[in-house]
Amino acid sequence: MYSIVAEESGLLPRERLLQKGAEVLSDQELLAIVLRTGTRSESVLSMANRILKGMTSLADLSRLSLNELQEIPGIGRVKSIELKAMVELAKRIEKAELARSEQIMSSQQVARRMMLDIGDKPQEHLVAIYLDTQNRIIQQKTVFIGGVRRSIAEPREILYYACHLMATSLIVVHNHPSGEAYPSRNDIDFTQKIKRSCDDLGICLLDHLIVGKSTYYSFREEREDFEL
């Protein structure tokens, strides 16, 4: 269960933010500021406390749909929309921070980016990230949505865009809607096939990443020779 640390200073969250800064506020206080008001029978701090206690971690808030948010007692249509907008804005800020890096330096860097993009999608998304000679992103393209199985026999679409964009290397990423990131036999077969196709064209497959909601698997990191 989510752990709540009580603040006993007597100051309201907005007053504490003004006096001490947002970084010192607890999750409960920050959520109370976003919620703005409670109900006739419950203060906004108490409501924030109750919402957070019903979660295993703060990340759970980002996974709730509008309907699920509205099912929380005290959270109506307006508050659910505001919360959803806040979560989406936080995601976009994180993406913008990651995008500031001019070069892809590690698989972990890409995994963080893609967990935000597709980690919680209900369908499998197959994404190709095309890079130049400096490992800068030329383009990120969603190649397929639905199931990776059909894509296993069709690496040509991935490589078509690589040639069209004059990419020297690429990274392939797909998500597991289950949230788990361990590769299946199909994932391994697909990686072998796309790697061979890349080698034939002189394009470097830097990695194949599988992402879940909060975890990832890197074929390059987990398989030292990346020969499979």
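Just so it is clear, glycine is given a Cβ too, placed from its N, Cα and C backbone atoms.
Fair warning: this is a prediction, and the values are worked out from it, not measured in the lab.
Taken straight from Swiss-Prot:
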| type | residues | note |
| --- | --- | --- |
| BINDING | HIS174, HIS176, ASP187 | Zn(2+) binding site |
| DOMAIN | 103-225 | domain 'MPN' |
| MOTIF | 174-187 | motif 'JAMM motif' |
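Confidence in the motif 'JAMM motif' (174-187), given as mean pLDDT, stands at 91. When the binding-site residues HIS174, ASP187 are scored by other C-beta atoms within 10 Å, HIS174 scores highest.
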